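Q: Here it is, the structure, as structure tokens.
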Amino acid sequence: CDLACSLIYAPVCGSDGKTYPSECSMEATACIDEVVITKVHDGPCETKCSAACTKEYNPQCGTDGVTYANPCTLEYAKCKSDGEITFDHAGPCKPKCPTVCTLEYNPQCGTDGRTYGNPCQLKVAECESDGRITLDHPGECDACSLKKVVGPCRGAFRRYYFDSVSGKCEEFVYGGCGGNDNNFKTLDACQKRCMEE
């Protein structure tokens, strides 16, 4: 198949129901795929996508990040996009969370007891936690008044926290993720932050 097709867009409808950018492009596809495709007419093919869907609400997330009201409306979008849009998962799509933040230091204390470097970093945490983490107050969190939090992961890392009842830094086993700012890698770091007046 040695067909050099021009880049001029002159769509044609092929007998396979697909629209090709040009008759040459259709012939090249037929040659490469070793099938017979003939031109039905000039211009794009008419899609036979049925938009007759019920108003049932059963949200479906498409691969385009759009939440469709039900499987039928997603199927319609799939048909209109020539299969570009497909089913991703049941339920609404999650909003895309920002991922790029500046390095400015403008500390923000989150409701999870963690200090975030700036408002953008807190917004990312808020988005990724589906709104469970929000702003507690501007500025750094008071790590020393927070309760010890092991976190949901199953690692085993030796860490230290300040126990406000005993007034001392105590050892604990940290799971490796989650947790809060009352989590120090060394006893010395804990004592310097929480015990020195």
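Glycine residues also receive a Cβ, built from the backbone N, Cα and C atoms like all the rest.
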Q: Which cysteine out of Cys72, Cys120, Cys127 is the one Swiss-Prot pairs with Cys97 in a disulfide?
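A: According to the record, the bonded cysteine is Cys127.
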Q: Can you tell which of Cys101, Cys141 Swiss-Prot lists as bonded to Cys120 through a disulfide?
A: Cys101
Q: Look at the disulfide annotations in Swiss-Prot and name the partner of Cys53 from this list: Cys45, Cys61, Cys72.
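A: Its disulfide partner, as Swiss-Prot records it, is Cys72.
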Q: Under Swiss-Prot's annotation, the disulfide partner of Cys24 is which of Cys5, Cys13, Cys45?
A: Cys5
Q: With Cys31 as one half of a disulfide in Swiss-Prot, pick the other half from Cys1, Cys13, Cys49, Cys61.
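A: Between Cys31 and the options Cys1, Cys13, Cys49, Cys61, Swiss-Prot records the bond with Cys1.
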Q: For Cys169 (disulfide bond), what is the secondary structure state per DSSP, taken as helix, strand or coil?
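A: The three-state answer is strand.
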Q: Kindly report the helix/strand/coil residue split of the domain 'Kazal-like 3' (96-143) according to DSSP, in that order.
A: 11 helix, 9 strand, 28 coil
Q: In the domain 'Kazal-like 1' (1-47), how many residues does DSSP call helix, how many strand, and how many coil?
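A: Going through the domain 'Kazal-like 1' (1-47) residue by residue, I get 11 helix, 9 strand, 27 coil.
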Q: Taking each of Cys1, Cys5, Cys97, Cys101, Cys190 in turn, which of these disulfide-bonded residues have a Cα lying within 10 angstroms of the Cα of Cys144 (disulfide bond)?
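A: Final answer, ordered: Cys190.
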Q: Give me the non-local Cβ neighbours of Cys24 (disulfide bond): same chain, 6+ apart in sequence, Cβ-Cβ under 8 Å, ordered along the sequence.
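A: Result: Leu3, Cys5, Ser6.
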